[in-house]
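Peer 1: Let me begin by handing over the structure; questions about it come next.
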Amino acid sequence: MISIYGLVMALMMASVLASSSRFQRVPQSQSVVENESVKFECESTDSYSELHYDWLHNAHRIAYDKRVHQIGSNLHIEAVRRTEDVGNYVCIATNLASGAREASPPAKLSVIYLESASVQLLGSNRNELLLKCHVEGASGDLEPLEIEWYRNSEKLSTWKNVQLDQHRLIIRQPGSEDDGLYRCTASNAAGRVMSKQGYVYQSSVKCLPRLPRRKNQKMMESWDKQTFLCRGKRGGAAGLESLPAAPEDLRIVQGPVGQSIIKEGEPTALTCLYELPDELKNQRIQLRWRKDGKLLRQVELGGSAPIIGHSFDSGKDALLREDARLVLHKQNGTLSFASIIASDAGQYQCQLQLEAHAPISSSPGILEVIEQLKFVPQPTSKNLELDAVVAKVHCKAQGTPTPQVQWIRDGENTTLPDQVEVDANGTLIFRNVNSEHRGNYTCLATNTQGQINATVAINVVVTPKFSVPPVGPIETSEQGTAVMHCQAIGDPKPTIQWDKDLKYLSENNTDRERFRFLENGTLEIRNVQVEDEGSYGCTIGNSAGLKREDVQLVVKTTGDGFAPEESGGDGFLVTRAVLITMTVALAYIVLVVGLMLWCRYRRQARKARLNDLSTKEAGGEQPDAAGNGKGSEQEPCLSKQHNGHSKSRSKSSGDAQKSDDTACSQQSRASKKSAHIYEQLALPRSGLSELIQIGRGEFGDVFVGKLKATLVTSPSDKDADTEKQHSNSENGSGGSGSGSTTLSTLNEKRRSKTSMDDIEEIKEEEQEQHNQSGLDQLVLVKALNKVKDEQACQEFRRQLDLLRAISHKGVVRLFGLCREKDPHYMVLEYTDWGDLKQFLLATAGKVNTATAGSSSPPPLTTSQVLAVAYQIARGMDAIYRARFTHRDLATRNCVISSEFIVKVSYPALCKDKYSREYHKHRNTLLPIRWLAPECIQEDEYTTKSDIFAYGVVVWELFNQATKLPHEELTNEQVVQRSQAGSLEWSVAEATPDSLREILLSCWVSNPKERPSFSQLGAALSKAMQIAEK
């Protein structure tokens, strides 16, 4: 109690006393292997006053000695002891002038150690064998102990009836193939240990290994390939222990007794001398060698007849693999090894087996192999990224005894530079990589056999970046000059390569008089021609990677293409040449158009026949005729099936396929199913009107417009009934509200929509009245401009599949797809109040929405914020149940209607309107302030990463979207801290107390510990009930 009180008082003094001192470096929590050294750093930014530093260990002042001492402001501990040094360390900075004190946050020290391991039997019966690996050790805050199980030196993994569950080994329905010696190993940063004693499991045999036969009866040669069923008496307990003993004169004189130690690569032999009486020479007797309980080699000593029966069966656990190094001599029973390898180490035993008798076994002998010292694998040179937080170079060595691994730096100074260390496994770790880390490093492995070394070259590089990227489009007139800039920085200095329409440009394949490649990377084109128009790409690269930017060159012609008339016959000749050229070109165009029309007619006729056959197979179901055949012309971007949720509703018969096989039919069958899906979504482009561009997204422009009411189809009855039943099962049905959007009735609508019953209401009647009234539907249109960009096309297809597969009131509807021509249009549901973020800013007074004679809408109440969060959680739960992920959940990607209904949408205006909320990371625009750490580090998107983003959305709601998450940090700092796991999150001040714990759990680094959307919905439901009271 006294120590805790002292710590509390020290922290209170630090928070109360005014001081200009702030910590520039605070002590960090660390995990260290026992007997290694550790350093806690502490430094204040107050350079104008004299400061005194003290250290506390578990709220007690540290008594310094030779092992624990303070150098400057830093604390050094040599030879860390787990019994004395574990705990919290606090740095106290005292201003000697003012007497003010400031305490750093506590830093935890965890000690990693590993002593022993043992195998414990938890349960054994005929249905299950349960073993546990008990380990004396700890791994601190790093990765947990790694447990491996072995059966007779064979490593086990989860397969068939074997299950590995943390420290436990479970074998379901154990049989004879599971017999053997079970041992376990444990490893962490402190080393690796194996259990000294294992557990031997031996199953019982249910019948005698004997077949009835008459006297002097000879078996056919092919009988050795037959399989015989051996069934014992029901309820009987006969086994190997009930077999009669072999005759006393059949015995093993000398076996592999004792322990043999052999160097790797040397020959050796194991002795098994036996005595075989003359009266048993005609009997079937077998000599066997076993290694760790498994059959290794066997040979027949008696009669030539094959041995049949369980006792002579090698079984599934045999090691009878082809190995020319092993020879079993029949004359004296010796097992010889031509060359010993490390895997030959183990326990060996020889046996004599007489038919229908218990085996005779020798005493076991131990063979130990002195493994040759070597690197596994050989260390290799590596390029390290400048300013990388952590970089590792591995060096693993094997040998007997276990070698010690250390690193040195070549040159005059062999010691390692600062921020470079070696862990217990021999891995060279670089922290905060800088240019001083460049050089040659040598890994030394040493044991009693000697020393080996391997040298690697470490090069510190800088990823190439554009200092002056190409900006476009560039417009120039014919005969003019075009200059496209492209300058880059990096280490090594990046090379710059230009290409036109994905074809590389160089001085060898261009006109040197017109094309100039400047030393700084700029491309200059003089006397520009019409054929120079196109897409130009600049690629920069070095050993650290590649980057590319595109720019469009547009050439404007100055005339109509005809040369002016000249005097005499020259002008006439030029005019005649132009007329002939235009005539030939027109004839060619007419021919091409005719061929295209003819091919389209043939394609539509073939498709009609296939649909007729599919209709007959499906029982007369009418084929989809949307688009009048235009959907059959597939763009390359939408010709592939990329999601398992897209399933075709009809299949063509084999005869129909064979009857219309052409040169392209084989290639088109693979995309028939996905093409059928897109045909069902087909919408005519003429049905869209009043398109207004609101921004640009990741693959094109984004518009708001109207869709003709005749083209709007209501959701299927099945989906509506399912959603209605789901809603009623939780909270019942509720009332309805008005659709007016005036400010005078706005507050009443929002107050009437804060209960769960009103949120769960599905306004089916109002939707039907809206559709029957003939009013055009307000829609969001996303254009696919980057048709040749595979990444953009893949994301376009993913969003299509996501919105097509979900029918839920909390997710916007997908009305269809316009793909008659480029660009393709994705048509989504939109609302009269637009995106949720603009609505929040308006209610917070950040956006001027007031008109004459009216006032701005008031801020949302806590009940209304909970209502919005609940609806978003329900929509995301529907996405999760459809086995999809959103990947960009934020208030900017949700929409809200005048009925206070919130839906999850996908505008993703990342190029202009909300560009400051996105950051280009690894050549991809990402909402890094909403992304989970695993998305930034490993590009891994799951439902748990959507849970992380949902926590940020709730943070936005309670802050009225007036500020960005971690707006005090730059984008690069957010990425760096997220990768390092040091980005700290806290809930908004207005968050109810009942939600704080579950919202904080949304941001934990381990995805498995985050809640589900159903759990979040339940918590929000309770919070809403409390708020209503």
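Glycine residues also receive a Cβ, built from the backbone N, Cα and C atoms like all the rest.
The disulfide bond feature in Swiss-Prot is assigned to C42-C91, C133-C184, C272-C350, C395-C443, C486-C538. Residues annotated as domain 'Ig-like C2-type 1' in Swiss-Prot: 21-104. Taken from Swiss-Prot, the feature domain 'Ig-like C2-type 2' applies to 105-195. Swiss-Prot lists 247-361 with the feature domain 'Ig-like C2-type 3'. Under the heading domain 'Ig-like C2-type 4', Swiss-Prot lists 364-459, citing sequence analysis as support. According to Swiss-Prot, the feature domain 'Ig-like C2-type 5' maps to 464-554. Here Swiss-Prot flags 688-1024 as domain 'Protein kinase'. Taken from Swiss-Prot, the feature region 'Disordered' covers 613-675, 714-756. The signal peptide annotation in Swiss-Prot covers 1-18, and the record cites sequence analysis as its basis. According to Swiss-Prot, the topological domain 'Extracellular' annotation covers 19-577. Taken from Swiss-Prot, the feature topological domain 'Cytoplasmic' covers 599-1029. Under the heading transmembrane segment, Swiss-Prot lists 578-598.
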Peer 1: I'd like the per-state residue tally for the domain 'Ig-like C2-type 2' (105-195) from DSSP, helix first, then strand, then coil.
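Peer 2: Here the numbers are 3 helix, 60 strand, 28 coil.
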Peer 1: Is it possible to list how many residues within the domain 'Ig-like C2-type 1' (21-104) are helical, extended or coil according to DSSP?
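Peer 2: Counts, helix then strand then coil: 0 helix, 41 strand, 43 coil.
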Peer 1: Taking the Cα atoms as reference points, how far is C184 (disulfide bond) from C395 (disulfide bond) in Å?
Peer 2: 25
Peer 1: Quick one: DSSP breakdown of the domain 'Ig-like C2-type 4' (364-459) into helix, strand and coil?
Peer 2: 3 helix, 50 strand, 43 coil
Peer 1: Taking the Cα atoms as reference points, how far is C395 (disulfide bond) from C91 (disulfide bond) in Å?
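Peer 2: Cα to Cα, C395 (disulfide bond) and C91 (disulfide bond) are separated by 36 Å.
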Peer 1: Closest of the disulfide-bonded residues to C538 (disulfide bond), Cα to Cα, picking from C91, C350, C443?
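Peer 2: Result for C538 (disulfide bond): the nearest of the disulfide-bonded residues is C443.
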Peer 1: Other Cβ atoms within 10 Å is the metric here; tell me which of the disulfide-bonded residues C42, C184, C350, C395, C443 scores highest.
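Peer 2: Checking each of C42, C184, C350, C395, C443, the winner is C350.
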Peer 1: What number of additional C-beta atoms lies within 10 angstroms of the C-beta atom of C486 (disulfide bond)?
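Peer 2: If we count other Cβ atoms within 10 Å of C486 (disulfide bond), we arrive at 25.
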Peer 1: Please give me the CB contact count at 10 A for C272 (disulfide bond), counting all chains in the structure.
Peer 2: 26
Peer 1: Counting only residues 6+ away in sequence within the same chain, which have a CB under 8 Å from the CB of C133 (disulfide bond)?
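Peer 2: The answer is A117, S118, V119, Q120, I147, W149, H167, R168, L169, C184, A186, S195.
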Peer 1: Reported as an integer number of Å, what is the Cα distance between C91 (disulfide bond) and C350 (disulfide bond)?
Peer 2: 67
Peer 1: Provide, as an integer number of angstrom, the distance between the C-alpha atoms of C350 (disulfide bond) and C42 (disulfide bond).
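Peer 2: Each residue's Cα considered, C350 (disulfide bond) and C42 (disulfide bond) end up 66 Å apart.
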Peer 1: Mind giving me a neighbour count for C91 (disulfide bond)? Other Cβ atoms within 10 Å of its Cβ, every protein chain shown.
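Peer 2: Around the Cβ of C91 (disulfide bond), 26 other Cβ atoms lie within 10 Å.
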Peer 1: I need the CA-to-CA distance for C272 (disulfide bond) versus C42 (disulfide bond), whole Å please.
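Peer 2: Between the alpha carbons of C272 (disulfide bond) and C42 (disulfide bond) there are 69 Å.
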Peer 1: Pop the Cα-Cα gap between C443 (disulfide bond) and C486 (disulfide bond) into the table, whole Å please.
Peer 2: 42
Peer 1: Across all chains shown, how many C-beta atoms besides its own are within 10 angstroms of the C-beta of C538 (disulfide bond)?
Peer 2: 24
Peer 1: Sorry to bug you, but what's the C-alpha spacing from C443 (disulfide bond) to C42 (disulfide bond), rounded to the closest Å?
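Peer 2: That separation, Cα to Cα, works out to 33 Å.
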Peer 1: For the domain 'Ig-like C2-type 5' (464-554), what does DSSP give as the number of helix, strand and coil residues?
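Peer 2: Going through the domain 'Ig-like C2-type 5' (464-554) residue by residue, I get 3 helix, 50 strand, 38 coil.
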